[in-house]
Amino acid sequence: MEWENQTILVEFFLKGHSVHPRLELLFFVLIFIMYVVILLGNGTLILISILDPHLHTPMYFFLGNLSFLDICYTTTSIPSTLVSFLSERKTISFSGCAVQMFLGLAMGTTECVLLGMMAFDRYVAICNPLRYPIIMSKNAYVPMAVGSWFAGIVNSAVQTTFVVQLPFCRKNVINHFSCEILAVMKLACADISGNEFLMLVATILFTLMPLLLIVISYSLIISSILKIHSSEGRSKAFSTCSAHLTVVIIFYGTILFMYMKPKSKETLNSDDLDATDKIISMFYGVMTPMMNPLIYSLRNKDVKEAVKHLPNRRFFSK
């Protein structure tokens with residue numbers, strides 16, 4: 001009987017907001033529009049960072065990687081979410097769920113590490129401007145970006161491998177829009193303390209350590225800016241890092257709220273909190289990638305000029 005209860009699952013049912021079917025059409029339209037904006041905005045940033053020689057700098061190299069990450073991250077979940085809104089049978093295969101978990105976690109981890117690298121880049125640019133070309137040479141910033149991707153892929157491969165080996169005892173209803181790793185782990189009918197410990201270690205290494213690097217970098221940046229006597233100089237120095245700081249606050253604010261809430265929430269109304277988790281996850285998964293190009297371009301003259309001259313590039317010529 002015990003073996004029978006642990007039958008291998010072939011598919012998962014994505015519950016999402018199926019309890020509110022009238023909202024599904026509204027969510028479909030909103031998420032579809034946001035996804036188009038994500039593709040256009042981040043795609044444009046990638047193009048200009050490649051085609052415009054003036055943007056061949058470490059900062060825009062990292063920004064191009066960040067934009068590519070946002071496109072990959074949203075593409076792992078949004079298309080399937082849109083299909084599920086229009087389909088009566090909201091299912092995903094076990095292998096498809098595993099792939100979605102792997103890609104989503106890999107992209108999320110890579111972005112955490114990459115934001116830390118970008119903070120260090122801004123620290124060197126503002127606090128050590130004369131040594132910036134030496135410290136942030138191509139031999140430095142390319143391995144930094146590659147290391148971010150490597151960390152994300154390895155972390156995701158390890159965690160996903162352990163999760164897919166868990167027994168689910170025919171529990172296949174995921175209370176989420178997509179195969180988010182925590183939502184899948186909740187279905188396991190075995191002790192997941194090992195998985196939770198592994199996730200804790202990964203969170204410290206790939207989320208909190210980059211956050212610590214960001215905090216230290218910006219503490220030194222703010223200290224350096226305050227030493228500048230002219231208000232114009234302070235304003236110019238702060239404008240070079242304000243966009244990145246805004247993105248960091250939105251990204252980390254959302255992710256820390258999601259994954260570091262106290263466990264006492266289980267004693268409260270679980271349905272309301274599940275709905276809250278899903279709404280926050282949607283904000284984290286859609287709003288942040290959509291806002292990143294806007295944040296980086298609104299106060300950036302170089303980006304505005306590059307976008308303005310983009311149609312005249314040889315890339316578009318016959």
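From the backbone N, Cα and C atoms, a Cβ is placed for every residue, glycine too.
Swiss-Prot lists 1-25, 76-99, 161-197, 259-277 with the feature topological domain 'Extracellular'. Residues or ranges marked as N-linked glycosylation site by Swiss-Prot: Asn5. Residues or ranges marked as transmembrane segment in Swiss-Prot: 26-46, 55-75, 100-120, 140-160, 198-217, 238-258, 278-298. Here Swiss-Prot flags 47-54, 121-139, 218-237, 299-318 as topological domain 'Cytoplasmic'. Marked as disulfide bond by Swiss-Prot: Cys97-Cys189.
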Which of Cys97, Cys189, the listed disulfide-bonded residues, has fewest other Cβ atoms within 10 Å: Cys189
Cys97 (disulfide bond) in three-state DSSP notation: helix
Recorded stretch that, among 26-46, 55-75, 100-120, 198-217, has the most CB pairs under 8 Å to the transmembrane segment (238-258): 100-120
Averaged pLDDT score, the topological domain 'Extracellular' (259-277): 51
DSSP state at Cys189 (disulfide bond), helix/strand/coil: coil
Helix, strand and coil counts within the topological domain 'Extracellular' (161-197) (DSSP): 14 helix, 2 strand, 21 coil
For the topological domain 'Extracellular' (76-99), distant same-chain residues with Cβ under 8 A (at least six beyond the ends): 8-16, 18, 24-25, 27-28, 31-32, 35, 107, 160, 164, 174, 177-179, 184, 285-286
